[in-house]
Structure formats: structure tokens, C-alpha cells
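What TrEMBL says about this protein:
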type	residues	note
COMPBIAS	A:15-41	compositional bias 'Low complexity'
COMPBIAS	A:44-61	compositional bias 'Basic and acidic residues'
DOMAIN	A:440-550	domain 'TMC'
REGION	A:1-61	region 'Disordered'
TRANSMEM	A:128-150	transmembrane segment
TRANSMEM	A:222-240	transmembrane segment
TRANSMEM	A:315-340	transmembrane segment
TRANSMEM	A:360-386	transmembrane segment
TRANSMEM	A:449-467	transmembrane segment
TRANSMEM	A:554-573	transmembrane segment
TRANSMEM	A:619-641	transmembrane segment
Amino acid sequence: QLPSYQSLLYRRKTSTGGSKQRGSSRSRLSSSGSWKLGLSTISKPEEKQKSPLEQRPIRERANTRRLAEAQELKSWRQMRQSIHRYLRRLREDGQESLSSIKLWRGDIHLIEGMFGAGILSYFSFLRFLVMLNLIIFLFMFSFVMLPIVIASHALGNITYNQNDGNVCSVYPSSARHGLVIFHEHIADLLSGGGFLEQTYLFYGYYKAHKIHFPNITYNLPLAYLMVTIAYLFLSLVWIVKRSATGFKHNLVQDEDRFQSFCNKIFTGWDFCITNENAAKLKRSSLLYELRTDLEEERIKQKIADRTRKEKCRIYIIRLILNLFVISVLAGCFYSIYVATTFSQEAQMNNVKVNFIVDLIYEYLPSIVITMANFITPLLFSVIINFEDYSPAFEIRFTLIRCVFMRLTSIGVLLFSLWSQITKCEEEPCVCGYNHSLYSCWETRVGQEMYKLTIFDFIIIAAVTIFVEFPRKLIVKHCDCRLAHWWGQQEFAIPQNVLEIVYGQTICWIGTFYSPLLPAICTIKYFFIFYIKKVSLINNCRPATRPFRASSSNFFFLGVLLIGLALACVPVAVSVAQINCSQACGPFVNYTTSWEVLPTTVSQLPHGVQTLLYALSSEAFAVSFFVVTCLAMFYVIALAGAHKKVINQLREQLAMEGRDKRFLIQKLCQAQKISVVRSPGSNSQPRRSSSSYHTSFSNNFNESVFLAHSPPDSATHV
Amino acid sequence: ELTFLTKQEILAHKRFTELLSKEERELPNTRLPMEKILTLPELKSNPFRKRICHVFSTSEENDGSLTFEDFLDLLSAFSDSATLEIKSHYAFRIFFDDDGTLDCGDLEKLVNCLTGETDETRLTEAEMGQLINNILEESDIDKDGTVNLSEFQHVISRSPDFVSFKIVL
């Protein structure tokens, strides 16, 4: 039986879209049936008889079957089929037009053709971040900024927070007075201070308490808090949805290096490649992957053969090196802490030395973080060579260390900022924070995040222009040993991904303090796309260590999720724990930012209040937790049961194969005996055995043929 | 369905007749020799191009030449909407199967085809042996030293990357 017939059966059985496909196929038959018929009569009939079953074209076999079924069509079925066909056409057209307006489609196609699927996934990840930041900005804009803009320019009445003359609510203006030198404007632009401080850019500007429109009253503090929670939640949902498919593949693949060689050999070649260069690239990457995997297997064997003494030695070395790594990390964090405190004190003292030196003081934390993030990966990649792990684990472990370093450095910066903010001369602080130095501390934190973002962008652009382009020129034109050792630039995907995840984490933390930051990040990632693309095409050669497309998406989104989790912590702590500043911002009338919610809830109607209190009570939380645990245990048990079933089926398949061979051997013996008994008879190979596999019939023929020869030679003796 | 193609049937005919010479276009059912088919850009960089032509060819001389119907069959099997079973069936035939199973020699030819032509891009003897052992260990379920069609289809169904087995004009 032909694969086409089997595929027909298969398609009939599938529940989803089964009727649709059938309908569409039948309708296609009715339209194109006559044409196919004509063609098939032209083709030579003798060819059909000669060639074996499986070599006949798919169409003619299905053709005869289709003709038989076409006569059963009724008119209402035809109408249903035409509706199905129309809907399916509509859906396909919709999907096509949606994919054609996707941003940068042409550029990404070009990159895929030239560099393969791993680098393609980096660029589509970048595109995803642009869209995410844009959506976050639209959220912030429409719920926080738009009401204020409408109210101040059109209709609406804004009630501002009262200034009750308390010492905590003094907010000295930081705008520059008098004649302002031009470079001070630049300094303001780069540091977010001066004329930028009292603008929509920072938290401190949103002093509105309630906005009264003709019909409704808009509670701005509540909106601000809810939008923060909403954008964090939206990011979580979108990332998880995007990583769902990659996660499934990873789970299946990571099970026990399951089928990795078969996958590489049987499905490794991408038949869509039309470019000769891309084909060469694919070949070399496949070769490299195979060699790496084989080597890793040999190393695993070597590890398994280690003696006790060697194991002890290696564990001691690993312990020492891990302690060294921890001490390096601690040193970096301490230097970030010192730099932040120094920078804050320098800014507070307001001693103007020099334009450049002032800027360096402002950017000192960013500089220290960037340098630490530059040196530590090099250090880690050197250290890992001594720890004697398998190559794949080496890569992953180095990456984990780098991720940890990058994301925790932001946390350390924020922690040192907060220790500064909550440190007063006389303990405890009068307003809950140091009001004399930080009359509006949220704006201060927003400025630090703003500076980190700007500096990150400047560094990426500067490294591309001042390091990668000269490197290419040197390697191309200079023939010295340095050029050969340095080599041409490779696009290191993990490091680049960590860079943009770092930027995105800053954006998530900083949006609460600086509502315009998502827009800045959107523009930043937009330009980074073009910078990276130009650098890639002009400077880079394809990576010798290929990144698998199916697992790289999962890696990117996993790191992004870690960044999101890390970003939620500072925001949660500052919303719930630290007293918000009394001099600026929407939460002046509340102790902490979180207080808006309980206050609003207590003003709701009684029924809703009881419901919300019930939802947040301990009884509900505990029972919800218990139910979730039960569901999780059920799913784990189900997965375990499925695994067992799979193993059983595999053993069954193996046994079926052995049964087949046993039967073939018996048949051969029977054949031999019957041929020996009647040597003159022309025993035809019997095709009567059920050949549901073409291979089975071929095997059968072969073995019967083998059984044939000995009798001939026996009689000739 | 007769084929899995949609608008591409017209496109395929146009591309096919482009490869024919003027006189050949007039005759019905001309047969294109393999060399001309291999000039198509979609097949030019494919390491399996000769095998593909041999598999889909219906000529008696077994020289890999294709008529237009064979060409349509080729495109149909490689199109997006062809089912996994069809694709895996044809993939099995393309991977040097002549006798119904893939044995060590076939696998070796397959790996050499994938990695390249020159000596330095081939695996060493030891590596090849290790690789073939691993492949057979992963896919040979009935432990007979060869991979037959059902074992091959079983492996393919577990693989996430088989969607790349397609040619789009």
C-alpha cells in the first residue's frame, strides 16, 4: 500500500480539521479532476505496470480512489465544502498578510540565508524585545500620561497633592538658573538631571492625585500602580507563551541525549538552502557538531573510567576554583557598591571640578559594571578549562556564571542606592528616608536607570565602531602574527544575548521610576538591530561552534525570564517596603506605594469588598496552594506513566522485529525442505504473506533468493 | 488529493519548460536529462541531488531523467503540506536505500555525503565506526544491524527538525 493511501487514512483519522481537509480535497478534485484525468491518459501505460508499487506517482493511485468517492457528493455537502474552503482561504490570506507586515522581515531572511538559524534566532529575539517594549510604553502612555495630557490641554480638572508644609515635602528645584553653558545641557541630557528632571521622563513629575473628567474621576496613583503590575504580568505571559514550543522540544531532547545522532544525520540537512555558501557553511557546521558529539562521548567514557584518586584530585581543584570564582564575584560586587556610594556623594556635594570629570563621577557605577562584565567572562572561560567538565557542560556552566554576574550587578547597584537613601544622620529617619539629600528618591533611582541605559547603548555602539571594524581591517590587510592569532570576528551569540537581556532587565526595573524609559529602550533596540546587522555582515565570519535553532530560542527566553524574575524583586520591595517620597510623585498621601490598593478597596461597595478580602485571606491562599500541589502531583504521575508506556511499546517493537525474523527463518527452512524434495519445480517466491511493510517483502525476497542458491549447487555436485 | 500543491502547479510547469530547449517544448512528455535538472538553483547546492533524481525518475535506463509528472511528484513530496509519512518514506529512499534497509554501507555513504567531498572534511575510520554504532544503537529497534522503514519513521517522528525537508520553488 502506498504512502499516499496511508496518508489518506491518517488524515481521515485526525480529529482536528479532518472534515475540512477532506472537503477541500474533494472540492479540488471537482475543479481539477478533469485536467488530471487528461494527463494521466497521456502518460505511458506500460510504465505503470512495470515499475514496482512504490515508484508509481502518488497522484494516479489517489486519482482512482477519488473518482469513486466523487460520485457520492451531495449538493449540501458541496455547499459546506465550499464554505470550508472559503474560510480556510481567508485564514491563510490573513496569516500571509500578517507575516508580510512583520518588522524587518527582509533583513532577517537575508541574515538567515547567510549565517544560519542560530544567529537568526538572536535577531528575531531582538525584534521581539522591540515589540515588547513598544507595548509596555503604550500601556504606560495611555493609562498614566494620556489622562494628564488630556486634562491639562483639553477638559478635565486635576487635583494635585497637598503640600502640607512638612519638612519632608520640600523639593528644591534642580533646574539651572542664569546663563547656562552649552556643555551643561549635554551633561543634563546624559545624566537625566537639570532640565530633564522635572519632566514627564521621571516619576517626580506625576504629582496629580485625582483627575476629574465630566463623568468620571480618574485615580492616578491607582492607575500608576496597576499599570506597573500589568506590564510585569504581560511580559511574563508573553515570554512564557513564546517559549512553550521550545520548552517542549528541549524536554524531549534532554531526556537522555535521546536520538541526537539520528536527528543530526537524518534530519540535519536543511533542504531549503539554495546558496552555495550557506550549503558549505551547513556542511562544516554539521561536521563540527558530529565531531564535538563524538568527542564528548569519548570524554564521558573517560570520566566514567576515572579512579578514586583522580576523582578526589578533581573535586579538590573544582572546590578551590569555585571559591576563587565566588571571591572574584564578591570583589566585583564590593567595587560596584563603593563606586555607587562615591558617585552619589560626589553628586550630592555638588563640587564642580570639570565637565569630563563630573560626567565620569556620574557614570562611575555604569563604568564599573561594564568593566566587570567585560573581564569576568574572559576569566570564567579560562578557569573552566581547569575544571575538566564535558564540553557541553563547560559552555552551559560558563554561561550560567556570566548570567549570574550580569544580573546580580544591577541588584547590587540598587541595593547600594537604597542603603544610601535610607541612611540618615540621626536614626531613625524622620520621613522614612533621607529627605535632605534625596527629597525625591524615586527620581534619583530613575536617573540611575536612565544613565545605565544610555551608557549601555553608547558602549555597544563604541565597541562596534572602535573595536570590530579596526579588527577586520587589521586582519584583512596586515599579515603579522597578531592578526593571525586574533583572527576574524565571530558573532558570539551568548554574550550578545546577555547584553540585550541586561538592557531589558534595566528597562523593566526602571519603568516604574521613569515612565518614558520603555520608549527610550525601543529606540535603543531599534538602532542596535541595525548596528549589529551591519557589523555582522561586514566583520564577522560564521561561528565555528553552531547553535542549534530548536534549543537556542528556549535559552534566550529562559535567560529573559530570569531577568524578569530578578526585575520584579526590586520593584516589589520598593513598592511595598520603602516609604515613598513625600515631596513628589503620585503617592504623596500614602506611606508606601502599595497603600493605594487597600485604600481604594475600602471605598468599594461592601459586597465587592468582602469578596476581595475573602480572596486574599489565608484560608483561600492555603486551599489554592493545596489544589495546585495536587494538580502538579497528578501531572507528574501522568508523565511518569507515559514514560513507562513508551518503554513498554519500545520493547514490544523490538519483540515484533524478532518475531518477524523468527518467522522468516522458519519459512526459509520450509522452503529449503520443499525445494529439496522437488528440485525440478519452479518455486515462485510467495507474495502472499502480509506485506504491510515494503521492506518486509524485500527482505523476504532476499532471503528466499539466498535459499535458492544452495539447492542448485547441491544438485550440480 | 491528487497532489499537495496549490498555486505552484503552474509555477512548476513554467520552471520545467524553461529548462527544455525550443524543439523539446513542442513534444508532449519530454524527458529532461539529469544534468539539466541539477542546474535548478533549489537542487544545485543539495548534497542529495543525484539521489533525488534517481528516486523520482521513472525511466527504464535508471539515469535519473525526469518527465514533467516526475517533477511534479518531486515537488509534491517536498511541499509544505505533504504529510510526515510521505516525506519520511521518500527520505528513506533518498538516503541511499536500494534494498529496503539502511545498512552500515548505506549509512557511511550518507554521512560522507553530508559532510563533504574532500578528504579533510570526512570523518576518520574510528569516528565513522563510532558514529554508525551510535546511530544503530538509537534507531535499530529489532537489533538486526540495519534500519528499516518503520524504524526510520519512528526516529523521524521524534525529531523536531524534520520540517526542513522541503523544497519551495
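Glycine is no exception: its Cβ is also placed from the backbone N, Cα and C atoms.
With a threshold of 8 Å between CB atoms, the same-chain residues lying at least 6 positions outside the transmembrane segment (A:315-340) that come near it are 364-365, 367-369, 372, 376, 379-380, 383, 386-388, 401, 404-405, 408-409, 412-413, 415-417, 420. A Cβ distance under 8 Å defines the sequence-distant neighbours of the transmembrane segment (A:128-150), meaning residues of its chain 6+ beyond its ends; these are 103, 156, 158, 200, 206, 208, 211, 218, 220, 223-224, 226-227, 230-231, 234-235, 238, 242, 500, 504, 507, 511, 515-516, 518-519, 521-522, 525-526, 529.
For the transmembrane segment (A:222-240), the neighbouring stretch richest in Cβ pairs under 8 Å, chosen from A:360-386, A:449-467, A:554-573, A:619-641, is A:554-573. Per DSSP, the secondary structure of the domain 'TMC' (A:440-550) breaks down as 86 helix, 4 strand, 21 coil.
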